[in-house]
Amino acid sequence: MANPIDNAERRYQSGFGNEYASEAIAGALPQGRNSPQRAPFDLYTELLSGTAFTAPRHENRRTWLYRRQPSVVSGRYQPYAQAHWTTGADREIALPPEPLRWHPLPLDGAAEVDFIDGMHTLAANGDAESQVGIGSLMYLAGRSMERRAFVNADGEMLIVPQQGRLVITTELGVLDVKPGEIALLPRGMAFKVALPDSDAGAGPSRGYVCENYGAQFRLPELGPIGSNGLANARDFQAPVAAFEEDGGAYELVKKFGGRFWKAPTKQSPFNVVAWHGNLAPVKYDTANFMVIGSISFDHPDPSIFTVLTSPSDTPGTANCDFVIFPPRWMVMENTFRPPWFHRNLMSEFMGLVLGEYDAKPGGFKPGGASLHNCMVPHGPDGEAFDKATHADLKPHKLDNTLAFMFESRYRFIPTNFALRSPALDTDYADCWAGLNDQFKA
Ligand SMILES: O=C(O)Cc1cc(O)ccc1O
Ligand SMILES: [Fe+2]
């Protein structure tokens, strides 16, 4: 069997959080026990735990790796400079109590940097040390990582590509992810990102990342929806085992407690020949999301579009919900169909992968971002309000669109980078200025 690392036709294993098993060479996976006295082919046995050993069974995640060298074999760490990837809430910043929006982040200079050096935190809450909160980041990158690998000890990473395909090599195998798809990479697992489109001259790649310091993302409960719907577990895809044959040197960059470090390694960290377990990187195509909406009247809460949720210790009040606004039919009768005007306990960071978002048809652009924090009023802009109050309410398909939201119980604090960026839309609030008093008694 050919080692799948070299194979452009990717194979995947289906499911979310189930017990996967994969071997790049037949016979490499021990049978009947996890840690035999000598593993097949004299591979080293290593355990990666994504939860405490004693986490409840339904939350417990761990994977057994059978590899050419254990990851403890590495050179010494030295500090590494990554100034724009900050961690957690920056309490020094005076958080503006108003809606914020960014135009698509400019790609100048992105051609020179890879996925790690091109990462920018736009806003964050909580604290990686307390395992609470998330960061909302964007990467702007034009270079493949080649012989550089990255390990994030501070959180798992949910990647939402907006422009350009990503080939993500992980310890467990390779994920090929294009805009419209998402990837979820476990905390602590080494990976590198190649940018085939950028390498082919299509210009820099851009996308969004949720760095989740808190409880791992999982599928939401479905309640009265039943046993099917929204993101179905079978549509998540984990890689098959794949390892690099060439044992050459790597630079390993590690994010650890908000700081960055680097160490040389003599061998590729992508040296896992077989693995089994339920802690795995996955990808998911949002085209497979089974969208549920109102077929009578009123605009439902956006929680019906939850793909994945990271709970907090208060039931129903998430550390982070990852919510998408995919193509869907609008059929509600006598209803103002776009989102209503609202204020909310939860804080909302949004991005747009493609097309238009119905609440902001002109103002919110693919590659841009918006932030509506706890109790900050927001909603449809003047143009959306006008259109929707006069629309002929025929069934209408919102097509060629994909917006998303990282929604959190904790207020997001924008970074200095985001607040000083020329992409900050200083006129954002004007989009509501035309909503005059039209009261007619
Ligand atoms: O503010 C937003 O655009 C996100 C959002 C969408 C929606 O359909 C209902 C509520 C909500 O916060
Ligand atoms: Fe909202």
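Glycine residues also receive a Cβ, built from the backbone N, Cα and C atoms like all the rest.
Between the candidates GLU333, GLU348, TrEMBL assigns the Fe cation site shared with HIS342, HIS378 to GLU348. Sequence-distant contacts of GLU348 (Fe cation binding site), defined as residues of its own chain at least six apart whose C-beta falls under 8 angstroms from its C-beta, comprise SER370, LEU371, HIS372, ASN373, HIS378, MET405, PHE406, GLU407.
Shown in sequence order, PHE325, MET350, PHE364, THR401, ALA403 are the residues of the chain, 6+ apart in sequence, with a C-beta less than 8 angstroms from the C-beta of TYR357 (homogentisate binding site). Applying an 8 A CB threshold to same-chain residues 6+ apart, the list for HIS299 (active site, proton acceptor) reads MET332, THR335, PHE336, ARG337, PRO338, PRO339, TRP340. Sequence-distant neighbours of HIS342 (Fe cation binding site) (same chain, six or more apart, CB under 8 Å from its CB) are PRO377, HIS378, GLY379, listed in sequence order.
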